[in-house]
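Have a look at the structure below before the remarks.
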Amino acid sequence: MAEPKLVEDKISGDQSPPRAVSIDQAPAAVLGEGSLDPVYEAKAKVLNKAIQDIGMGKYQWQLFIVIGFGWASDNLWPIVTSLIFTPVKLEFKPDRAPYLTLAQNIGLLIGAVFWGFGCDIFGRRWAFNLTIGVTAVFGLIAAGSPNFAAIAVFATLWSIGVGGNLPVDSAIFLEFLPGSHQYLLTILSIDWALAQVFATLVAWPLIGNSKYTCAITDTNCTKGENMGWRYFMLVMGGVAMIMFFLRFVCFTIYESPKFLMGKGNDAEAVKVVHEVARRNGTTSTLTVEDLDQFNSLGGPLAEQSQSHATAAVKRNLEKINLSHIRSLFATRKLAYSMVLITTAWAFIGLGFPLYNAFLPYLQETRGAKFGDGSTYLTYRNSLIIAVLGVPGCLVGGVLVETPFVGRKGALALSTILTGVFLFCSTTAVTSDALLGWNCAYNFMSNIMYAVLYAYTPEIFPTKDRGTGNAITASANRIFGIMAPIVAMFANLDTAAPVYVSGALFIAAGVLVLLLPFESRGKASM
């Protein structure tokens, strides 16, 4: 069987004979040789080389900005739910207030599954444009909620949009990045941290203002006395709508070249590469023949590349199947990696909400005294904690490119230290002590999430990346759903859940060390 290994290097305007360029000149791949379909693997290397040759330009930097909206939304809206929780509970007096958090987590799970799996089937573009739009619409509508059931339903609906941001956005950004700039996926988490700062700053004068929010001791809280959270929802929904407008109207998103190639549409993949080059003010030498030459290697993708009418109909009929899931477990090494990273996401998904749900009860039973409990003190501390998340993301961006540390080292260390500082926070008996430990663990957790959100999509092949993101995010959301249920029905007088939470982070960090792939200095496939 012929095994083409060369690609003609056709320089525009160069009259000399074309030069043969080995695909081995492409950046080293994250996934080892033989892990993927041979045709897909060979073509992915050619596309990686083409994107690397184009370089980091105007299109990718614009994409960096609009993709940041998705990162911001992923953190912003769960914080929105936590900030409106108390005034909503005071106004509507539900029997089980944690149902609001449960409703949100169910929506996040649905969103992760729907958008994550869907973007591997129907493409990235429509999911990229719709996720924030869905969030904006239902976030604005939620401001008019007449009762607790309504706000819970709207929380589910806006969370369906939120749940798709990271699975889709991380995939599409990574697929346009040159291998030399994949660290930017970690730096993107600065938007995640800034969202927390922004939400806290907006909530302070609205929800934290006694003019707009009922006092905790108020037994007859009416809508007119409690408009702060509704104003807050209008601001958050309005910001999401602006983000949607900027994405949908002011920026043109192209379908991922490797996604198109994985679907057998080599001509469109080449067309997108040339369009990105044009937007960057340069040119690309890539041709359809550079990709088609590998069809002689055989395999499923070679058959798929024969884009005749019959083959197209057959592919459309087979869209909804388990092929993307099977591909993630195609070899022992891939399956081992998939199980470990999914388990780590699950542990983290349960660890954080468990801690947040039970720590106040633990501290109360130990007689902790946290100052005067004023609104000023509460929001001041929240702002300090949120601000410290920003440098955490930047430190993560440095660590992932540091030799002998890389993605795995940065992720394992930050995850373990998050668990350690979480344990330490249970010892706080003063407001300042609690603030100090919370700053420390928020700093480390921001490093952890920055690296986790970047490393995870890097170890999935493009054609299955949305599915891989969906599986890991779903594990995270499913375990997140368990936390408010535990909070409603468990014995709140025990410290065990908080200690379990810390242990889960440490266990997740250990699992990361066992992962077989290190993506530092390598191009995603």
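FYI, residue positions are counted from 1 along the chain as it appears here.
Note: Cβ is positioned from N, Cα and C throughout, glycine not excepted.
Annotated compositional bias 'Basic and acidic residues' per TrEMBL: 1-12, in sequence order.
Sequence annotations record features per position, and here TrEMBL assigns region 'Disordered' to 1-20.
The feature domain 'Major facilitator superfamily (MFS) profile' is assigned by TrEMBL to 61-520. Across the residues of the domain 'Major facilitator superfamily (MFS) profile' (61-520), the predicted structure has a mean pLDDT of 83.
Residues annotated as transmembrane segment in TrEMBL: 63-85 (among others).
Within the chain, the transmembrane segment (97-119) has long-range Cβ neighbours (under 8 A, six or more residues past its boundaries) at 77-78, 81-82, 85, 88-89, 127-128, 131, 148, 151-153, 155-164, 167-168, 171-172, 324, 353, 357, 466-467, 469-471, 473-474, 476-478, 480-481, 483-485, 487-488. If you look up TrEMBL, you'll see 97-119 (among others) marked as transmembrane segment.
If one looks beyond the transmembrane segment (126-143) by at least 6 residues along the same chain, the residues whose Cβ comes under 8 Å of a Cβ in the stretch are 69-70, 73, 77, 80, 111, 115, 118-119, 150-151, 154-155, 157-162, 164-165, 168-169, 172, 230-231, 233-234, 236-238, 240-241, 243-244, 247-248, 253. Residues annotated as transmembrane segment in TrEMBL: 126-143 (among others).
Here TrEMBL flags 149-176 (among others) as transmembrane segment.
Positions annotated as transmembrane segment by TrEMBL: 183-207 (among others).
TrEMBL lists 227-254 (among others) with the feature transmembrane segment.
What TrEMBL lists as transmembrane segment is 334-358 (among others). When Cβ-Cβ distances below 8 Å are used as the criterion, the transmembrane segment (334-358) is approached by residues 31, 35, 82, 98, 101, 105, 328, 415, 419, 422, 445, 448, 452, 456, 459, 468, 471-473, 475-480, 482-484, 486-487, 492, 495, 497-498, 500-502, 504-505, 507-508, 511-512, 514-517 of the same chain, each at least six residues removed from its ends.
Residues or ranges marked as transmembrane segment in TrEMBL: 378-399 (among others).
Sequence-remote contacts of a segment are chain residues at least 6 beyond its ends whose Cβ falls under 8 Å from one of its Cβ atoms, and for the transmembrane segment (411-429) they are 344, 348, 351, 355, 359, 362-363, 366-369, 396, 399, 405, 436-438, 440-441, 444-445, 447-448, 451-452, 455, 495, 498-499, 501-506, 508-510, 512-513. Annotation comment: TrEMBL describes 411-429 (among others) as transmembrane segment.
Residues annotated as transmembrane segment in TrEMBL: 435-455 (among others).
The transmembrane segment annotation in TrEMBL covers 475-492 (among others).
Marked as transmembrane segment by TrEMBL: 498-517 (among others). Same-chain neighbours of the transmembrane segment (498-517): 30-32, 333, 336-337, 340-341, 343-344, 347-348, 350-352, 354-355, 358-359, 362, 408, 411-416, 418-420, 422-423, 426, 459, counting only residues six or more beyond its ends whose CB sits under 8 Å from a CB of the stretch.
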Beyond the flanks of the transmembrane segment (63-85) by at least 6 residues, Cβ under 8 Å: 97, 100-101, 104, 108, 128, 131-132, 135, 139, 151, 155, 158-159, 161-162, 165-166, 168-169, 172-173, 176, 184, 188-196, 198-200, 203, 207, 229, 232-233, 236, 240, 243, 246-247, 251, 253, 356, 453
Beyond the flanks of the transmembrane segment (149-176) by at least 6 residues, Cβ under 8 Å: 51, 59-60, 63-64, 67, 70-71, 73-74, 77-78, 81, 84, 88, 92, 99-100, 103-116, 119, 124, 127-128, 130-139, 141-142, 182, 184-185, 188, 253-254, 256-259, 276, 453-454, 456-458, 462, 465-466, 469-470, 473, 477, 524
Distal contacts, the transmembrane segment (183-207) - CB-CB under 8 A, six or more residues away: 64, 67-69, 71-76, 79-80, 83-84, 87, 170, 173-174, 177, 213, 228-229, 231-232, 235-236, 379, 382-383, 386-387, 389-390, 392-394, 396-397, 400-401, 446, 449-451, 453-454, 457-458
